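Colleague: Before I ask anything, let me first share the structure, which is written out below as structure tokens.
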Amino acid sequence: MADTALIPAERARPDLGAILYWGFVWGAGILVLIYLIGPILLALLMSFNSGTTLAFPPKGLSLRWYAALLDPVQSEPIHTAAKNSFEIALCVVVMVTLITAPAAWALARAPRKMVNAVEPILLAPLVLPSLVYALAALLALSLLGLGPSFIAVLIGHSAVFAPLMFRTVLGLAQRMNPALEEASATLGASRARTFLRVSLPGIAPGILAGAFFVFMQSLDNVSVTLFLGEPGRTMLPLRLFAMLEESLDGRVAAVSGLLILAAALLMFTLRRFTGRAAR
């Protein structure tokens, strides 16, 4: 019997279309990642510059600007501005949470037509340009006899950033099983007790996520703070802008570095907490 020749299996030809497709996807993804993360990494790197001013690439690595930032005498205006901004941001978070979270939970129980009609109105501050809203808020509060002040900034920030918490809480409240609240009411629990023991734990991840976004946006806001803030009470963003106008002070990069690290730590903690709550 003649030996049967083994015919080698034909090699699969690479699909040129798939190569181009995945090359485009990976290339676009890398470019987007560089666009989003690149400025953050640059700010962090520049905060460790050993030079006398902001510069890239840095002449060397040093903690001199962080040391200067922590100096209570040299950086007293920055510390005061940071204290003012943190006070406003914390008050805004408390005010928005107390008003928006119950409102979003109640709206989630309303008919769908009402939700569709009310939701765009409540989300309008996110759509309007911040400068337009800041000017409108200044005029409206002036008509009410309230000029630029701490209270005016608190009201302005709360109104413009409340939709951030409203959307996160509303989404969770709509996904909650109504049978849980009905079962609690059937067992004799009051509405307040049902909300505190059943509804609130269900929407807590949304409240925490919304509080984080509201806090960071309030801390970083410029336009509303500029229009509604009182002259003698400088906020951190405005102070940093003034420092950059005067000179390329490296402490600005140090502040940015601390805020970036703090935001990353808060996001990591929030993700761990909300993930555990979801399970």
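Positions of Cβ are set from backbone N, Cα and C atoms, glycine also.
Keep in mind that TrEMBL annotations are predicted by a computer and have not been checked by a curator.
Here's the feature list from TrEMBL:
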type: DOMAIN; residues: 82-271; note: domain 'ABC transmembrane type-1'
type: TRANSMEM; residues: 20-48; note: transmembrane segment
type: TRANSMEM; residues: 86-108; note: transmembrane segment
type: TRANSMEM; residues: 120-144; note: transmembrane segment
type: TRANSMEM; residues: 150-173; note: transmembrane segment
type: TRANSMEM; residues: 194-216; note: transmembrane segment
type: TRANSMEM; residues: 252-270; note: transmembrane segment
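I'm curious about the neighbourhood of these features; can you describe it?
Modeller: Counting residues 6+ beyond its ends, the transmembrane segment (20-48) has Cβ neighbours under 8 Å at 54-58, 61-63, 65-66, 250, 253-254, 256-257, 260 in the same chain.
Here the transmembrane segment (86-108) has long-range neighbours at 114-115, 118-119, 150, 153-154, 157-158, 161-162, 165-166, 169-170, 173-174, 176, 195, 199, 203, 206-207, 210-211, 214-215, 218-219, 225, 235, meaning same-chain residues at least 6 beyond its ends whose C-beta is under 8 angstroms from one of its own.
Remote same-chain partners of the transmembrane segment (120-144), defined as residues 6 or more beyond its termini with a Cβ less than 8 Å from a stretch Cβ, comprise 152, 155-156, 159-164, 166-167, 221, 223-224, 226-228.
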